[in-house]
Amino acid sequence: MEREVSLSGGTAVAAACRALGHDVTVADVSPDDLTALDIPTDVVFPVLHGKFGEDGVLQEILEARNWPYVGSGPAASRRAMDKVAAKIAWNLASLPTPPWVAFDAHPGTDLRLPFSPPAVVKPIYQGSSIGIVFADAPAILRDAVVEGVREWGAVLVEPQLAGRELTVGILGRDALPVIEVRTPRTFYDYEAKYRDGGTSYHFQSGLPNDETRCIQGLALAAFEVLGCRDMGRVDLIIDDQRGPQILEVNTIPGFTDHSLLPKAAAHAGLDLPALVASLLEMALSREARP
């Protein structure tokens with residue numbers, strides 16, 4: 001699923017680079033085939049979602065070759081991809097995020113949690129909301145954990161929160177305009193993100209200005225605590241009981257026509273070529289430093 005999104009995003013970024021007057025090579029790389037990286041280049045713009053692209057592996061390869069690239073470095077990419085590592089970092093920084101428990105083995109007959117269902121079971125090392133299961137009863141929750149550990153190796157369990165779903169794009173050291181996501185689905189899953197025409201996006205969310213600034217500040221803090229740089233997307237929810245809660249940081253946000261970072265940048269006055277130009281400049285400026 002994420003390959004389809006990667007290819008669409010890569011096509012859009014390549015078109016934006018060409019519109020800027022750059023010579024572009026589109027490279028479809030994988031852990032088993034790095035031959036495309038043998039072509040000399042000035043800068044790399046990764047748009048590869050999921051494992052290998054977002055977990056720091058590709059970034060380590062690029063750094064070993066001393067190639068400048070857009071986006072977070074290997075360590076920050078790993079932390080953001082690993083939901084437990086991200087949670088620990090946010091907890092240590094006293095940033096608001098839902099309580100959680102991780103499982104990497106069969107939980108046995110007694111599933112002990114510091115909260116009651118309804119709950120959400122998430123694969124720890126997956127993105128794009130892949131593999132998420134909602135459980136509204138203890139038996140269903142236990143089965144979801146058992147199946148999740150079997151399929152994914154490790155899962156994170158959080159209480160299911162009720163409230164407004166928000167996302168904040170990050171560009172450099174700036175938080176872009178807040179977007180409220182409204183979907184007829186249970187939550188903003190893969191289908192809602194990339195295929196469901198019923199999902200709508202709202203910049204005029206009705207939040208007071210001070211609350212909007214608070215959301216942007218939390219998003220930027222969540223991003224920077226993980227050591228991320230250049231670009232990202234931070235997902236949050238305003239829970240009816242707990243207030244704003246950080247859910248996830250995505251270090252390689254989408255660049256498809258459904259994607260939220262380009263939408264937020266456009267709302268701030270940057271079309272896709274201008275957004276891409278800004279990101280390329282960030283990568284090249286790191287290379288130029290002594």
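Placement of Cβ uses the backbone N, Cα and C atoms for every residue, glycine included.
A TrEMBL annotation is a machine prediction, not a hand-curated record.
If you look up TrEMBL, you'll see 87-281 marked as domain 'ATP-grasp'. Taken from TrEMBL, the feature Mg(2+) 1 binding site applies to Asp235, Glu248. Look at TrEMBL and you will find Glu248, Asn250 tagged as Mg(2+) 2 binding site.
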Other CB atoms within 10 A, centred on Asp235 (Mg(2+) 1 binding site): 20
Helix, strand or coil at Glu248 (Mg(2+) 1 binding site) [DSSP, three-state]: strand
